[in-house]
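Contents: one structure, followed by commentary.
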């Protein structure tokens, strides 16, 4: 198979994006920890991290990664760009081990591998996306009933999580923050792809920025990115980086594939073998996520307050018996 120059450029940009984004998770968490020592934590609604230079370094690193990822969608199809996001898990896990001293248990490593294998398997067997020649064609696809329903459900779920669940359970359940980021992320990818195609067509001589639809997608990208950034900060500040990264990648990849399949109606060209392979990929992802959740604290010693609480529970009955 002959690989086009555009695909090579897209893959190079996608791999660079994964390196930047994976590193940004760790750099930002170092900044969040330092900011938390000097002020109110992000998980508690504080914004002291805005005064921390390391957080801004992580932010710049993430922006570079997102820019590279954005450019990759202009050159290569999403089915080639999306799976390379798995590389960010490797970067963040390795850096978290050496910099943040967040040990990942052996079963956690297996879970991480399962997540990556399952996600890559799904994307590799996903159908190729259709060729888009104009913004009007993208807008026609985006206004089909199926994708309108998906978009409304995604936005409704995000609003419900933000206003009803975050305050009560966000600090305990990592999936609350991750679900918000992933749902908005799926809409971000759809919009980013549209804007990237508009830029590519414009550079080719067909100006797409004369259409209102192009600017609509730009607004959607801006809003979704701001929401993702806020709740990703909360997730990183509250939970283990080595767990946040792969779970976020898995959920984001699943929802992105679903959104693309609904919008582009790619399932019509799928064979039974391809569908079965994708289902196996989903099962693999679920297994990997389960392992990550169950073993996320096995590689790290319990915090001092938890040790004191356990000692108090053990000593309580003894002191009662001795006094009796």
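We number each residue from 1, going along the chain as drawn.
From the backbone N, Cα and C atoms, a Cβ is placed for every residue, glycine too.
If you check TrEMBL, you get these features:
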type     : residues : note
TRANSMEM : 12-32    : transmembrane segment
TRANSMEM : 53-75    : transmembrane segment
TRANSMEM : 81-100   : transmembrane segment
TRANSMEM : 107-127  : transmembrane segment
TRANSMEM : 147-166  : transmembrane segment
TRANSMEM : 173-198  : transmembrane segment
TRANSMEM : 210-231  : transmembrane segment
TRANSMEM : 243-263  : transmembrane segment
TRANSMEM : 275-292  : transmembrane segment
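In terms of C-beta pairs under 8 Å, the stretch of 53-75, 81-100, 210-231 lying closest in packing to the transmembrane segment (107-127) is 81-100. Residues 141, 176-177, 179-180, 183-184, 186-187, 227, 231, 255, 258-259, 262-263 of the same chain sit 6 or more residues outside the transmembrane segment (147-166) yet have a Cβ under 8 Å from a Cβ within it.
No contact links the transmembrane segment (243-263) to the transmembrane segment (53-75), because fewer than 3 Cβ pairs that are 6 or more residues apart lie under 8 A. Only residues 6 or more beyond the boundaries of the transmembrane segment (53-75), in the same chain, are considered here, and those with a CB under 8 A from a CB of the stretch are 6-7, 9-11, 13-14, 16-21, 23-32, 34-35, 81, 85, 88, 189, 192-193, 195-197, 199-200, 225.
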